[in-house]
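If you look up TrEMBL, you'll see Glu91, Gly92, Thr93, Arg121, Gln135, Glu139, Arg267, Tyr271, Tyr272 marked as L-histidine binding site. Per TrEMBL, the feature domain 'Aminoacyl-transfer RNA synthetases class-II family profile' maps to 29-336.
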Amino acid sequence: MSQKIQAVKGMNDLLPVEQKDFKLTAAFWQAFENTVQKWAKRYGYRQIRTPIVEQTGLFVRSIGEETDVVGKEMYTFSDSNDRLSLSLRPEGTASCLRAVVEHNLTHESPQKLWYMGPMFRRERPQKGRYRQFHQVGVEALGFDNVQIDAEIIAMCVDLWRELGIAEFLTLEINCLGNREERAAHRSALVAYLTEHEAALDEDSRRRLHTNPLRVLDTKNPDLQTIANQAPRLADYLGEQSREHYQQFKALLDGLGIAYVENHRLVRGLDYYNHTVFEWVTDKLGAQATVCGGGRYDGLMAELGGKDTPSIGFAMGVERLLLLVREYGSLHADAVPDVFVMQQGEGAALQAMKYAALLREAGWDVLQFSGGGKLQKQFKHADKSGARFALIVAEQELADGSVTLKDLRGNSGQTTVSADAMISQLEQWQQKDN
Ligand code: HAM
């Protein structure tokens, strides 16, 4: 026997059934997608779909060469025809803005866009961290008023409530100021970290020279004191940035949205300024952040568009759904309404006709293929999760009747004329509900 080929490490199949180490099913996922589509529409966001592969330069320019995402985690390859360097997208914001600039979408008016799809990062896989993962992202392009900063947070809260996980998520916020303020803070931070260089771990020492802000993000317990006592960006913010941050917080207070200020929240991508935020949970172990985002006012111009103040966020679908599955409320109804079975010569054709009539009337029908003992067919019906069974055997075939059985409720079993099968099922359904 030849060797089986397995899925790529860190990339999951989404099956109709739960797997031992990956509990999300395709039906559950689809129920989430339906919820998201309606939610985005309620807030006036329109969907955008971009290619999964982009020119590598797009990500280098937007996310930043020194970030882990671009520096270490991208799947990059050269296109054999024209030797262009291409990469699988590690996130959605860059592609979204590339498309907006390319098609001049913000020419007439600001845009509210959302997307959903797979992203790729070559990280070390563990629960909640994958090499192919999925994001739902939202981008509001062309809004400089702080009102939008608060609105997108309220939008998140709305979705968390609908999914039944609001109480398990904490909102952390910070203000990253503008470019000059960040540069001044960076100099102070580098000076401070250089003073403590001997105490840093290898990762932080590397970051000191490439991306010092990320040292503040360290999870190493030995470095917490150093990180906590480092110069704070808040002390380098000018009047305007402080005002923006104050107004943002006042709006959250007014909306009754709780938050924690985390002065060490810096985000892993370079394009942010002013407002940044993350939604974290203590229910998922190490992979605690289910959603993150913030302002990126300079990015559109950086990508060749006109200056367009913007803000957005993306949630990790796997992480979010692991939380929803365990603690939330989302119903994935993938079971058929009626399981149709047959026995005896000629019964199959008649059963197929009844199944067609039921489907026409809006019922989801799973038909057993083949005959055999009814007992065996009942076992399949049970396993399918169907609510009702419809049986066509010799007697039913002879007198134009069907036998119906309520598999989940307590309406029992009855034989009615075929003309009455739909009204009988409707009656049972109403009774059970
Ligand atoms: P991000 O923080 O890099 O932001 O990713 C957003 C979310 O994607 C994370 O909070 C996490 O839930 C999920 N995620 C990231 N990496 C993985 C992984 N390897 N496995 C599973 N889930 C993962 C962005 O990507 C920005 N584009 C968000 C944004 C949109 N900012 C403004 N607009």
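Including glycine, each Cβ sits where the backbone N, Cα and C put it.
Unlike curated entries, TrEMBL annotations are predicted automatically.
Annotated features, which come from TrEMBL, shown on the structure.
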residue : record                   : Cβ neighbours (10 Å)
Glu91   : L-histidine binding site : 19
Thr93   : L-histidine binding site : 23
Gln135  : L-histidine binding site : 22
Arg267  : L-histidine binding site : 21
Tyr272  : L-histidine binding site : 22
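The secondary structure of Tyr272 (L-histidine binding site), as reduced to three states from DSSP, is coil rather than helix or strand. In this structure, Thr93 (L-histidine binding site) is part of a helix by DSSP. Averaged over the domain 'Aminoacyl-transfer RNA synthetases class-II family profile' (29-336), the predicted model has a pLDDT of 95. Residue annotation for L-histidine gives Glu91, Gly92, Thr93, Arg121, Gln135, Glu139, Arg267, Tyr271, Tyr272. The furthest Cα pair among them is separated by 21 Å. Look at Gln135 (L-histidine binding site): DSSP puts it in a strand.
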